[in-house]
Amino acid sequence: MTDTNELFEDQTTALQNSAPIAPLANPQHTVSRGKFRSLTLINWNGFFARTFDLDELVTTLSGGNGAGKSTTMAGFVTALIPDLTLLNFRNTTEAGSTSSSRDKGLYGKLKAGVCYAVLESLNSRGQRVITGVRLQQVAGRDKKVDIRSFSLQNVPMSDSIISVLTEQVGEKARVLPLADLKDKFDGSEVVFKQYHSITDYHSFMFDLGVIPKRLRSSADRSKFYKLIEASLYGGISSVITKSLRDYLLPENTGVRQAFQDMESALRENRMTLEAIKVTQSDRDMFKRLITESTNYVSADYMRNANERRGNVQIALEQRRAWYESKSKLELEQQRLIEFSREVADISENESSLEAEYNSANDHLNLVMNALRHQEKIERYQDEVAELNEKLEEQQIALEEVSEQVETAQARADDADDQVEELRSQMADYQQALDAQQTRALQYQQAIAALEKAKQLCGLPHLDLHNVEDYHAEFAAQADDLTDQVFELEQRLSVSDMAKTQFEKAYELVCKISGEIDRSEAWDEARSLLTAFTDQKMQATQAVALRQKLADLEQRLHQQQNAERLLAEFNQKAQTQFETAEELEGYFEQQQARLEDVEAELAEFVEVRSTQRQQREQLNQQYNQLAKTAPAWHTAQSALARLEEQCGEKFEASQSVMQFMQNMLTKEREATLARDKLARREAALDAQITRLSQPDGSDDVRLNQLAERFGGVLLSELYDDVSIDDAPYFSALYGEARHAIVVRDLESVKSQLEKLDDCPTDLYLIEGDPSAFDDAVFTAEELAEGVVVKVSDRQWRYSKFPEVPLFGRAAREKHLETLKAERDEVSEQHAERAFDVQKCQRLHQHLSQFVGTHLSLAFQPNPEEQMQEIAAERTEIERELNQAAGNEQQLRSQLDSAKAKLQMLNKILPLVSLLEDETLADRAEECRAQLDEAEEDEQFVRQFGNYLTQLEPIAASLKSDPAKFEQLEQDYRQAKAEQKQVQQKVFALSDVIQRRVHFSYEEAIGSEGSALTEQLRTRLENAQREREQARDQLRQAQAQFTQYNQVLTGLRSSCDAKTQMLQELIREIDDLGVRGDIGAEERARSRRDELQQRLSQQRSRKGYLDKQLGTIEAEIDNLTRTLRKAERDYHTQRELVVQAKVSWCLVLKLSRNSDVEKRLNRRELAYQSAEELRSISDKALGALRTAVADNEYLRDSLRASEDSRKPENKVAFFIAVYQHLRERIRQDIIKTDDPIDAIEQMEIELSRLTNELTSREKKLAISAESVANILRKTIQREQNRILQLNQGLQNIAFGQVKGVRLVVNIRDTHAILLNALSNGREEHKDLFDSQKLSFSEALAMLYKRVNPHIEMGQRTPQTIGEELLDYRNYLDLEVETFRGADGWMRAESSALSTGEAIGTGMSILLMVVQSWEEESRRMRAKDILPSRLLFLDEAARLDATSINTLFELCERLDMQLLIAAPENISPERGTTYKLVRKITNNQEYVHVVGLKGFGQQ
């Protein structure tokens, strides 16, 4: 970029040092420049009505201080720029004042009333243009001025401005207000127009060539005012010099606007994409809103419908329950009466039965006690008999032992006597120590024995001779006594036995008959024994009698049971049967009835089973249909939705498939039309893009070649031509319209051979790009084209092109046409794309419908089938209920028949007993016989043993053994005599044994020792025998004692048991019952039977009591249930009525608002209330979030939460629908249904997303193209600045010999341009980012390549927009050539006042000229604008400087209005002498106009 600056300086120097290049041809037509003709001030301070005619060059206002020069210039400036925000006349403003400066110096220059400042000008067309302002002071402290701008056209030249604005009233003139002025010209050719905006006023002045630039905004007016202000007060204005770029460099609105349009389009595109995303989210929110609101309301709607249906069903069920409770209550009351009657009967029977049971139980106890007593008696009898036997045995043993004791005692006594005798003999024998002594002792003993015998026997004459005789006599006598003793002993034994037998028999008789006299014992025993035989025979018959009685009692009991059963049967069967024939006939009848009932019941059961199977099948079908119904309703909703979307009525699945095929065909056709329109739109976009280029060229290589050759495209030189001239110039150059204008063809010729890539035909024209003229060809303009004479032999005819390459205005005009066409094509493309999207969506819906719902959508309505099934099921239920009642009756009949048959089965086997009337008598007779037999049996059992014992010894009772003591005494006496005789025999035997000893009378002395020894031996033997006898005695005594003790124990035990036996016999006699095994069994069976009957009665009574309690409780419950059922029914009925009112309101709302089909979602009818409430609650939670920002919907939703008013939910749904309807854009979406709108919105948003994405790709601009545009624009403006510098040549003010403009590219921006051109890949991250706009990316790149620069608080977008303006890339400075300093920067401090004023005026002229060039393409080609500048206080310029200004004005065809003191008199131009005078207390300015009164 430094090379560019150096090149610019070289070009500038060359231009200044070289002569100007002559144009290739002189223009054939010239346009005169417009001029300001006059300035008229009406009712200004000092000027009531004054017109200043303005010179074509310089108009000078000369006068002293206060003469009115500044007021005149203020009037001119006010008429030129009527903007109170800018006007500020400083030389009349109080210094340092704040409040008094509010009028900006204008208020004090006016007089009260209507004031005018009017400019009259003559434009290039020769039109008289009158523009001005009406001013009027506004009363108040603020010193405000009201300004109204206006214009007048077609005013004749003969009419002066003052005559137009005033009217003659007598000798005075009146200033016309604007309204009167307007009325004055109504209906005439004069066009009066009042402007309500300064922009319109300035647009009028620009169009007619009054001002050089179109002032579109307040910023443009500010620039213009600052330029006028700078020229007014003179000098180098720092405001202008600091912003020369804004004044001299055109804004290049086309490029900038293109960038801005591109950026705004991209931004709008992205914003639209974001808005689409937001809209999609809003759509999703709306979709969710409509979905959730539908779920919320429809779930509650269906729940209320279900609840209403359920409430009606509940009401019917409660009414049915009420009636059933009433019938149950009546039935239970009937049962209570029957059960109470039966309980009363059972209570009556229970007492008698209980008495019988107690009696039977007591009888059983007596029998059991009797049996126990009998067992004890038998046991005791056995024990007593055994004890008697033992006692007898013991008695015999005791007697034997007694005899043994006596024998042992006798033997012991004999042994003692013998020992004593032997001891005595021993003592005697011991006295003789020899045999003699012993014999003598024996002799003495023999003598002693003889004496003893004599003494014992009483035989004094006893001797050895008669001893044997006496011995024999006494032995015989002893034998007789022994026999007598034996006899007596036998008699005694017999007597003892007789006594024992008598005592025993007597005891037995006493035991049997009680205590009787001993003398009567025999008679009693005999009578007992006589009766005992019969009693034993009767006792043997007791068993048979007992068996017989048991049989009779059993039969009697069976007869009683049969009578009882018959009575019960007759009572239950309501009959009076008595005979067996009647019972058997009835039995056969009931058996046949049972078979019939069983057959009928089996048939009922079979029919019921069949009906239950049918009901089960129907239930299965119903459940299957109930499962299918929601899906079917969903399919129907989808089908209805699909029919609405397609606008078709589908009758079958084939029609859906056919429509789907047709939709595919339609989609292909729409796709082809869309693609065709897309290609047309792309072609138009390409043409628009080409025409949007600054040079209008469609070949990029031409720009590259122009830069390479240092030339300019011909189209750029004619870029500012007007719309009317553009076709002419395009046709004039023909194919050469793409030519490149270069300064020297020869210098370019050498480069042509080196070209690698260039167009097929490349046209080069030699000429100065800065002063190019169109007089190149000899041409003649025709109606439709131009005939160009290329040479004498070659003409070319070119028609006016419809789209001229030359002229930006023409291209822009055609661009408008192309854009309009593109918009139309884009709209058509959008419609076709919408149609394609719609077709695709419809095909998608169709595919989804076919895949999901086609199998169910055209099937029959499952609810109708469900209703039919429900009707069949109800009929079956009714039949089943009826069959259940019939079956219950049959079962009751069956149970009754079975019960009767069961009772008959019990009665019939006993029916023969009912006719046996003698059974009771026979039983009584048998019982009497059994009683006798049992008494005999009991007597035999009790006394049979005694009688058996008594029978063999009964004879002992004949005599009473009372002489037993005498016999015993005789026996003892005989025994004593026998003992004495035996002693005598023994003594005699001892004498006989000692008879030999009598012969020892001689040997008494010689046989003593032998005898002693013999005696000692005998004594020892005797002692041993005595010890043995004593031992035997002791043993016999011990045995006797033992036997006696045993006998005593047996006797006491026998007495005790006998006593116990007597007590048991008395007790069993007291019981009066004879027990046997059969009796116990009979008593027990009787007791058990009665117990069973009593238990049955009690259990039946307990059951009946429980049933009565249950029935009473059931009656109470049924009574409460009946009341509750009645109350619930009435409550439910009221609820149904209330719900019906609310439901009617809901239906009315939904039907009137056409939302019923949205709410009546039958697929929800099969869900439970909890599931529907869950759906509604979930939707409510989502809706609270969705409508949180919408107060109306939020309030409506809050009101809808009241469960008591379901209509509020419908109202909320209607509000949601209305809310969504209001937000449907009818220009885009052609429907009132929000759901359809959402569907269409999805299609449209999808299409817009695709379209905007592709548009963003088209709108994207490369950084390299931006750099090329900026470089090209900078180069063009540099060339223009060079051209402007030519107009400042030979300007001299004092020491200043030249003024020029220097334009340089800033280094930081040059680096940016290089980065844009060459760093494409390096900085790709910035320009390819979707988050950054191009301006922001450009600002980020600027910061990246210039990291040392602080951006401050400005945003990247602002910096980027500034970087898109080429003016920010350039630095403009004013340099002056002054003396020896050479070229230096123009500053007021380095110049004198005159030099500064001249230099500043030169700069201003350059600015005005630049504005004219900039606005040339916007102005008609036959108009050149007026040029006028001001200069107040020109006294600071010398005469030479003033002459220089005159020359400058003459050369640049410019007017100048200056104010000078009285001593300044320009040589040329018009001079007005202003003198302020006072006449008659009225102040006015006296004006005298002169022309060229200065020195020659």
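Positions of Cβ are set from backbone N, Cα and C atoms, glycine also.
Look at Swiss-Prot and you will find G63, G64, N65, G66, A67, G68, K69, S70 tagged as ATP binding site. In sequence order, N45, G46, F47, L61, L1474, R1476, V1485 make up the list of same-chain residues 6 or more apart from G68 (ATP binding site) whose Cβ falls under 8 Å from its Cβ.
Among the features that Swiss-Prot reports, coiled coil is placed at 328-493 (among others), with the record citing sequence analysis.
The annotation coiled coil is assigned in Swiss-Prot to 536-632 (among others). Regional average pLDDT for the coiled coil (536-632) in the model is 81.
Taken from Swiss-Prot, the feature region 'Flexible hinge' covers 694-811.
Among the features that Swiss-Prot reports, coiled coil is placed at 861-1171 (among others).
The compositional bias 'Basic and acidic residues' annotation in Swiss-Prot covers 1082-1091. For the compositional bias 'Basic and acidic residues' (1082-1091), the list of distant contacts is 353, 356-357, 360-361, 363-364, 367-368, 550, 553-554, 557: same-chain residues at least six beyond its ends, Cβ to Cβ under 8 Å.
Residue counts for the region 'Disordered' (1082-1101) by DSSP state, with H, G and I taken as helix and E and B as strand, are 20 helix, 0 strand, 0 coil. Swiss-Prot lists 1082-1101 with the feature region 'Disordered'.
Under the heading coiled coil, Swiss-Prot lists 1235-1291 (among others).
Cβ neighbour count for S70 (ATP binding site) (all protein chains, 10 Å cutoff from its Cβ): 22. Apart from G63, G64, N65, G66, A67, G68, K69, S70, the residues listed for ATP, the same chain places the Cβ atoms of T71, A1459, L1474, R1476 within 8 Å of the centroid of those Cβ atoms. DSSP assigns G63 (ATP binding site) to a strand segment in the three-state reduction. Fewest Cβ neighbours within 10 Å among the binding-site residues G63, G64, N65, G66: that distinction goes to N65.
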